Amino acid sequence: MESNRDEAERCVRIGKAAIEAGDKEKARRFFSKAERLYPSSEARVLLDALEKNDTAGNGPQSEKMSKSTEQPKAEKDSSGDTGKGHTQDQVDGVQRIKKCKTYYEVLGVSPDAGEEDLKKAYRKLALKFHPDKNHAPGATEAFKKIGNAYAVLSNPEKRKQYDLTGSEDNVQNNHRNGGFDYHRGFEADITPEDLFNMFFGGGFPSGSVHTFSNGRTRYSHHQHHHHSGHDREEERADGGFSMFIQLMPIIVLILVSLLSQLMVSNPPYSLYPRSGQTIKRVTENLQISYYVSKDFKSEYNGMLLQKLEKNIEEDYVANVRNNCWRERQQKQDLLHAAKVYRDERLRMKAESISMENCKELNRLTSLFRGG
């Protein structure tokens, strides 16, 4: 579909931008998504190139560089949390999330918890640990982990796969400096902030906007003005209008198709009898048989009839000529094969072709010449 193609192109653009930003994991994810939506050579080439570069760069030196770039980034994030006031309860809550070994422990639910239990637990924890409300050290990472836990457990396929491992530590034991690790193989398809907005219809009124993606994309933080209820109504209206604009080409195509079907009428004749056209007639010049409806005489007579019969004869001659060409081609192919393989059966089969259309074409040609 065209919409899939547009979305795939958008994913390719995002992937290219991620490469320029040095985020290969994000680039790989979006190139793969583009391939799933609308396979293209561009996405495939970019993905293959990325895989080759990763294979070539997975040595000790690249691992050392990766650790050196992650450490300042972690320090930067943690400094952002500690720059604001927080309570001891918030610190204790972050430590609890940090010590959790399974996503069920993170959300505080049992392994057989249903969808409603997961939603209820997520709502409570997301509001409590959102970075706009909780400024304790590590609150941002705790919020990420809560979002990732809900996104995985609320997805039946991901949850089933996760349950097979028992805990996060069984997937990959690579904690770094005692912090959270999100490269575990169980990652959400949606960012924690987007998930939060889906539940609560946006962030906190006075807050800042946080963008996360389980370690695969960068963490960004910027202030924005609170949207009033009127602004949200305008955004919904704009969204509806945008959807209408996107659907407009499809609506136009449907209307054009319907109009064309209404405007196109059936031909007044047929070379073979069919429903509604069963009355046999013969053209005056070449004696070609054709079939018409019962009200044909009232609509076609005089010059109009002569013009129509001329068209009928032209259609018939063109049809006979094409069929004659096919008969000749078939016979020549069989004779050639019989000669190459010295097969008498092929020669006899070629000779048995009646060439009826070619005979009819010769008859019509003699009529044209007045023979």
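Cβ from N, Cα, C; glycine included.
Copied from Swiss-Prot, the annotated features are:
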- 1-238: topological domain 'Cytoplasmic' (TOPO_DOM)
- 8-41: repeat 'TPR' (REPEAT)
- 48-92: region 'Disordered' (REGION)
- 215-235: region 'Disordered' (REGION)
- 218-229: compositional bias 'Basic residues' (COMPBIAS)
- 239-259: transmembrane segment (TRANSMEM)
- 260-371: topological domain 'Lumenal' (TOPO_DOM)
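Mapped onto DSSP helix, strand and coil, the topological domain 'Lumenal' (260-371) counts 69 helix, 11 strand, 32 coil.
Secondary structure counts, DSSP: the repeat 'TPR' (8-41) has 28 helix, 0 strand, 6 coil.
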